[in-house]
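> Take a look at this one; I'll ask things after.
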Amino acid sequence: MLARKSIIPEEYVLARIAAENLRKPRIRDRPRKARFIAKNGACNLAHKNIREQGRFLQDIFTTLVDLKWRHTLVIFTMSFLCSWLLFAMMWWLVAFAHGDMDPSTESTMNNTKWTPCVTCVRSFTSAFLFSIEVQVTIGFGGRMMTEECPLAITVLILQNIVGLIINAVMLGCIFMKTAQAHRRAETLIFSRQAVIAVRNGKLCFMFRVGDLRKSMIISASVRIQVVRKTTTPEGEVIPIHQVDIPVDNPIESNNIFLVAPLIICHVIDKRSPLYDISAADLALQDLELIVILEGVVETTGITTQARTSYIAEEILWGHRFVPIVTEEEGVYAVDYSKFGNTVKVAAPRCSARELDEKPSILIQTLQKSELSHQNSLRKRNSMRRNNSIRRSNSMRRTNPSLIVPKVQFITPEGSQSASET
């Protein structure tokens with residue numbers, strides 16, 4: 001220890017450690033904000049302390065459609081089973097009141113012309129089977145109605161009406177759950193990341209959207225909203241402040257023809273909430289951009305909606321999406337393996353406001369990009385040239401037949417000179 005202290009002074013060691021600590025940037029993890037809309041389009045929202053639960057029963061059909069599948073199937077089964085049991089009890093009471101359950105009626109029925117309300121109903125089990133036959137209209141033929149009891153006819157009419165109502169509600173609920181709009185939205189895809197680059201001399205926020213099915217989305221429209229926490233001048237805190245931002249479209253409306261994947265563009269101008277944000281400020285921003293795609297399904301005519309969101313960490317500054325649509329043998333082909341691929345391009349790191357105030361920044365950025373591109377081309381060409389020279393030299397060394405022999409020339413004076421060609 002004494003020898004090491006004499007070789008390396010303690011002051012030098014402390015200074016070196018301090019310098020290393022200064023070089024290493026200390027990154028403090030910010031508390032990550034919860035997303036308002038998940039990447040798959042689900043709303044990250046929990047409803048609590050709802051006191052008026054009876055409002056859900058006033059719209060019972062929508063409540064049944066919104067339930068989970070296991071709950072819907074349980075209700076579907078129990079509704080039919082309970083109705084069968086209820087009317088089985090009614091048929092059993094009708095038969096019991098008329099005396100069809102009395103064993104002595106069998107001999108009386110054989111000797112006289114005594115007629116039961118429902119033939120072959122002598123127990124609760126047979127009444128339950130007859131209830132199923134009436135409501136489901138199976139009709140095995142063993143049990144049947146007679147004209148003896150007007151009350152039995154009334155029960156028959158009532159069970160038919162109740163059975164039709166249950167069939168209409170439950171089958172309609174199952175149909176709506178299988179044909180819900182969000183099922184079609186599963187094949188509407190968005191790029192995992194968005195980009196900010198220069199297009200037509202303006203900074204633009206861009207993302208890609210596509211449809212995996214051949215059936216089109218009619219009258220498809222795209223909306224973009226910025227959700228952020230803001231504070232008004234009066235001190236009111238708005239945790240979810242939604243601001244609509246325009247979408248760059250050649251026509252007046254936001255309708256798009258989604259026959260192939262499209263790049264949706266938002267020009268960052270004075271109306272945009274991203275106008276004052278630079279590349280350095282983007283990572284510090286606590287914002288979320290929500291994308292909503294709406295349209296009518298061509299096959300079913302149901303309106304569908306697909307959603308996604310982009311936070312600051314999912315926005316790439318100075319990138320551009322690669323083209324994925326090519327023409328092959330007279331057919332336009334889409335390569336979905338490159339759907340979210342991006343390439344780095346020249347883009348100013350300043351905000352759109354600074355770019356509008358100083359247009360020369362864009363020119364300087366493009367010039368630097370062109371110079372760096374030319375330098376990279378020169379380096380690449382020189383490397384190729386050097387590699388070709390090295391390859392030819394190595395081939396000459398390894399193959400003796402390629403070595404050119406020396407030729408001697410005799411001058412008139414008789415002296416000899418050797419030269420290598």
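One is the number of the first residue shown, and numbering goes on along the chain from there.
For all residues, glycine too, the Cβ spot is worked out from N, Cα and C.
Note that the structure is predicted; figures quoted are calculated from it, not measured.
What TrEMBL shows for this protein is this:
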type: COMPBIAS; residues: 384-397; note: compositional bias 'Low complexity'
type: DOMAIN; residues: 37-180; note: domain 'Potassium channel inwardly rectifying transmembrane'
type: DOMAIN; residues: 188-358; note: domain 'Inward rectifier potassium channel C-terminal'
type: REGION; residues: 372-397; note: region 'Disordered'
type: TRANSMEM; residues: 73-94; note: transmembrane segment
type: TRANSMEM; residues: 151-175; note: transmembrane segment
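Explain the structural surroundings of these features, please.
Regional average pLDDT for the domain 'Inward rectifier potassium channel C-terminal' (188-358) in the model is 86.
Here the transmembrane segment (151-175) has Cβ contacts under 8 Å with residues 61, 64-65, 72, 75-76, 79-80, 83, 87, 90-91, 94, 97, 117-118, 131, 134-136, 145 of the same chain, all six or more residues outside its ends.
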> When the domain 'Potassium channel inwardly rectifying transmembrane' (37-180) is classified with DSSP, how many of its residues are helical, how many are strand and how many are coil?
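Per-class counts: 92 helix, 4 strand, 48 coil.
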